[in-house]
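Pasting in a structure now, in structure tokens, and then I'll have a few things to ask.
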């Protein structure tokens with residue numbers, strides 16, 4: 001193929017195929033002072049894609065609170081960093097791999113884990129844990145079952161081979177994700193303050209080194225693809241997916257973590273979305289320097305690659321490194337120890353340009369800032385959708401339930417609620433021997449090596465609430481994440497987010513994005529959990545339909561002393577059961593409503609951040625004083641599900657409780673800011689003195705289940721194993737169904 | 001240049017759950033003529049042609065590394081590239 | 001006791017073994033990069049930690065044959081000194097011929113992790129410190145099915161799965177060579193040596209090694 005000339009790019013509007021608009025092309029022309037050639041157009045289009053530039057979401061992201069006494073690095077680098085005391089810091093970020101996972105779920109999900117790990121270790125941190133957040137269709141469709149199974153296997157494969165434990169995560173199922181799943185992966189790392197690295201290319205004459213896998217023609221324009229919607233009919237024409245190699249990444253990671261201690265290291269960055277283009281342009285722009293690369297020197301996997309292909313390839317497991325001039329060999333030798341190819345491909349200049357040479361010619365010359373800083377920013381139109389006012393006007397009424405016990409059993413078997421053991425049993429959740437709490441609890445907890453402290457982590461987002469009321473839903477997502485950490489004995493310290501939405505060109509979608517960001521911001525301020533980084537994934541649509549708005553929250557908390565780690569499940573029969581928080585008839589977006597009516601409507605549950613904060617503080621205080629045996633929050637499915645989950649631990653118990661109010665509301669409402677705790681008999685008095693809203697509702701029993709109303713009406717009765725069996729096997733049973 | 005194609009299969013006595021799963025899936029899709037499915041792997045070795053005893057060397061490669069005779073059988077063809 | 005922890009490319013669980021020997025069972029551990037392990041003479045014991053050695057490519061453990069450490073390991077084992085393969089390390093020992101048999105993919109065809117009940121043969125040098133006959137250890141493997149068409153002698157079987165979930169020959173979870181000094185275990189005793197992490201059922205395994213070999 002002969003590459004089109006600059007003139008052809010302009011006249012034939014070839015930039016449109018690369019995802020650039022007429023206005024954007026004109027802006028690039030103006031910035032350059034000439035018409036960009038084919039390679040340059042590709043570079044502009046990738047750098048100005050939503051994935052790299054956040055051009056549509058920047059105005060929204062600015063709303064987030066990003067500062068706090070613990071924040072050492074906020075948004076803008078590979079990952080955010082928070083201080084955890086003792087000169088140590090936690091480094092974390094969440095990222096989406098939605099589009100690739102919709103096409104080739106094993107590879108897509110695996111490379112998602114790989115990419116987020118590189119973001120963390122390129123900051124100089126050793127990754128210590130992985131978390132994942134999955135959204136799939138409700139598994140009634142064979143394609144969705146296939147997508148889910150393969151995505152889980154892909155995540156498992158990458159994490160297991162590289163030897164980093166997956167210790168937390170969640171999966172929710174809703175038909176809006178059918179054929180358009182969301183696969184969000186979060187990595188958490190640890191480092192000492194002095195080892196913090198940044199992706200900068202500074203110091204004229206310093207050397208740019210390429211390390212890792214060779215560059216191939218895979219994933220070209222992945223960055224633009226990830227911002228494009230999936231049209232099912234076009235699957236056969238999709239670009240070549242970039243495959244991942246966790247073994248290679250393990251070796252690259254070990255080399256990079258050694259390199260962090262070299263005095264000659266200036267900067268290091270992952271070649272992620274838009275590969276060599278974004279890493280080079282961003283490193284130069286951040287440092288205020290320029291970078292000149294000789295593409296003839298780039299290790300290539302295929303013959304005859306053009307500059308365009310090399311710059312836009314998204315081959316995995318590659319790093320761009322800048323070292324002091326004259327120190328190239330020690331870096332090359334270090335990578336060689338691990339069998340990894342590394343070589344010098346360019347140098348740092350003072351002219352602030354990204355300049356590319358290929359076969360003796362300058363093939364691209366663009367100001368680094370034009371690419372990485374001065375991208376167009378759009379203030380998209382925002383409009384309240386018609387449904388919102390209609391739903392807000394609806395009354396809160398409890399749905400009619402004929403058979404309460406059967407309803408409880410049915411809820412326990414919903415894929416969103418059922419045990420996720422089928423998923424997490426495929427993960428090595430204990431690699432490297434620091435896992436204190438493995439998946440299956442409110443939050444995962446990893447010991448901070450060499451200390452008695454722990455890092456707790458979780459991810460959360462109920463997109464049904466966000467759909468009905470994005471601002472309240474945003475508050476709920478953050479509050480629920482914090483609740484999960486608090487229940488496990490941790491103090492929430494910061495969040496990362498992954499904003500998965502439909503097309504930003506739909507004013508209603510953009511409104512959802514804005515409103516939910518406002519809700520998230522309010523909750524982050526109230527709960528002292530700044531946003532230290534994140535990712536935006538827009539245009540998650542299939543055949544023109546948007547997925548439910550899903551701003552996934554990844555939250556990290558600090559456990560001061562591992563003796564304070566608290567189980568989410570009951571420890572012994574005879575312990576008292578307490579509930580914090582009164583149930584109101586709030587069923588909008590509830591699992592019960594979805595199950596009974598096949599859709600959702602009405603008002604999302606309300607949330608008072610002051611009440612939320614007060615209860616979280618009291619629960620954490622009670623846990624720290626050692627008077628709580630187990631704690632969990634009330635979420636999907638309401639109190640009935642939370643009560644059952646409390647007794648479905650390693651040992652399965654029964655329960656005998658008496659609840660106030662009307663049965664359907666008491667059992668299945670999804671009113672927020674509620675908790676279920678168990679307390680040993682001898683600690684009850686001390687506990688009640690701390691948690692003023694706690695109501696004693698009953699007792700953990702050996703096997704018998706009895707849930708009654710105040711008037712003595714038996715609502716639910718049976719044996720624990722009957723309910724446990726239903727909950728435990730439901731997901732696997734659904735996945736093995738054949739229709 | 002020569003190309004050695006090494007075909008590796010699980011020994012008859014070894015249970016092959018992947019093959020069983022594929023067979024069952026094919027049956028469900030109406031391919032009832034499938035009596036058995038066995039998975040294996042194909043390894044292609046590009047050889048520079050310098051060695052005279054090509055067959056013996058490829059056989060040694062199989063025994064030394066490429067196959068595990070406790071669980072696998074193998075055969076190979078050598079073609080001119 | 002000087003313990004060499006042998007790191008192959010892809011080994012990922014070396015630090016937990018190091019920590020265990022440093023702080024819990026008290027020996028002198030050293031992590032050695034495989035390319036530097038041309039001789040292991042200076043050590044009293046060698047441990048191959050868990051982790052996807054060489055990415056589990058070809059067959060788990062197989063590519064370790066190409067490492068210079070393999071020859072040193074064979075010489076070390078012939079001298080009667082203790083060699084332990086944990087998880088993937090067991091697969092390495094099988095592939096380099098220090099233990100009999102082979103490993104197959106799990107019947108589920110997926111990676112599986114969890115905790116398993118294991119029956120302990122307390123008469124081996126790797127289990128002499130156990131007081132209980134049935135213990136619980138974590139496992140995390142995609143190739144946990146031990147296969148052998150020649151029966152393994154009872155004395156060589158160190159642990160068996162109570163519920164033979166991986167359909168392994170003779171339910172084998174851990175075994176030794178005929179000499180009784182090379183042991184592979186597909187479960188992960190190193191992850192059960194602290195109450196706060198995963199229980200302590202793995203501790204006697206390492207204490208047995210120290211007890212039976214440190215005087216020599």
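Cβ from N, Cα, C; glycine included.
Grabbed the feature section from TrEMBL, which reads as follows:
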- A:54, A:93, A:497, A:534: ATP binding site (BINDING)
- A:76-190: domain 'PurM-like N-terminal' (DOMAIN)
- A:95, A:535: Mg(2+) 1 binding site (BINDING)
- A:97: active site, proton acceptor (ACT_SITE)
- A:118, A:242, A:314, A:315, A:316, A:537: substrate binding site (BINDING)
- A:119, A:270: Mg(2+) 2 binding site (BINDING)
- A:204-356: domain 'PurM-like C-terminal' (DOMAIN)
- A:441-559: domain 'PurM-like N-terminal' (DOMAIN)
- A:572-704: domain 'PurM-like C-terminal' (DOMAIN)
Where DSSP helix means H, G or I and strand means E or B, what are the helix, strand and coil counts for the domain 'PurM-like N-terminal' (A:441-559)?
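Here the numbers are 46 helix, 42 strand, 31 coil.
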Which residue counts does DSSP give the domain 'PurM-like C-terminal' (A:572-704) for helix, strand and coil?
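Summed by class, the stretch gives 49 helix, 31 strand, 53 coil.
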Distance between residue A:54 (ATP binding site) and residue A:119 (Mg(2+) 2 binding site) at the Cα atoms, whole Å?
17
Nearest by CA distance to residue A:270 (Mg(2+) 2 binding site): which of the binding-site residues is it, out of A:95, A:118, A:314, A:315, A:534?
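Closest by Cα distance to residue A:270 (Mg(2+) 2 binding site) among the binding-site residues A:95, A:118, A:314, A:315, A:534: A:118.
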Any idea what the Cα distance is from residue A:93 (ATP binding site) over to residue A:314 (substrate binding site), rounded to a whole Å?
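Roughly 20 Å, rounded to the nearest whole number.
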When you rank A:97, A:497, A:534, A:535 by Cα distance to residue A:316 (substrate binding site), which of the recorded positions ends up on top as the closest?
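Out of the listed candidates, the nearest Cα belongs to A:97.
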Just checking the binding-site residues A:95, A:118, A:315: which sit within 10 A of residue A:497 (ATP binding site), CA to CA?
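Matched binding-site residues: A:95, sequence order.
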Please average pLDDT over the domain 'PurM-like N-terminal' (A:76-190) for the predicted structure.
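Residues in the domain 'PurM-like N-terminal' (A:76-190) carry a mean pLDDT of 95 in this prediction.
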Taking residue A:535 (Mg(2+) 1 binding site) as the reference, which of A:118, A:314, A:315 (the binding-site residues) have a CA within 10 A of its CA?
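Matched binding-site residues: none.
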Fill in the CA-CA distance, residue A:95 (Mg(2+) 1 binding site) to residue A:534 (ATP binding site), as an integer in Å.
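Cα of residue A:95 (Mg(2+) 1 binding site) to Cα of residue A:534 (ATP binding site) measures 7 Å after rounding.
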Can you count the other CB atoms that lie within 10 A of the CB of residue A:537 (substrate binding site)?
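Result for residue A:537 (substrate binding site): 25 other Cβ atoms within 10 Å.
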Taking 8 Å from the centroid of the Cβ atoms of A:54, A:93, A:497, A:534 as the cut-off, which other residues in that chain fall inside it around the ATP site?
A:61, A:75, A:94, A:95, A:496, A:498, A:499, A:531, A:533, A:535, A:536
With helix taken as DSSP H, G or I, strand as E or B and everything else coil, how many residues of the domain 'PurM-like N-terminal' (A:76-190) land in each class?
47 helix, 44 strand, 24 coil
In angstrom units, rounded to an integer, how far apart are the Cα atoms of residue A:118 (substrate binding site) and residue A:97 (active site, proton acceptor)?
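Here the two Cα atoms lie 14 Å apart.
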Work through the binding-site residues one by one (A:314, A:315, A:534) and name whichever has its CA nearest to the CA of residue A:119 (Mg(2+) 2 binding site).
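That would be A:534, the closest of A:314, A:315, A:534 to residue A:119 (Mg(2+) 2 binding site).
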Can you tell me the CA-to-CA distance separating residue A:314 (substrate binding site) and residue A:534 (ATP binding site), as a whole number of Å?
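Rounded to the nearest whole number, the Cα-Cα distance is 20 Å.
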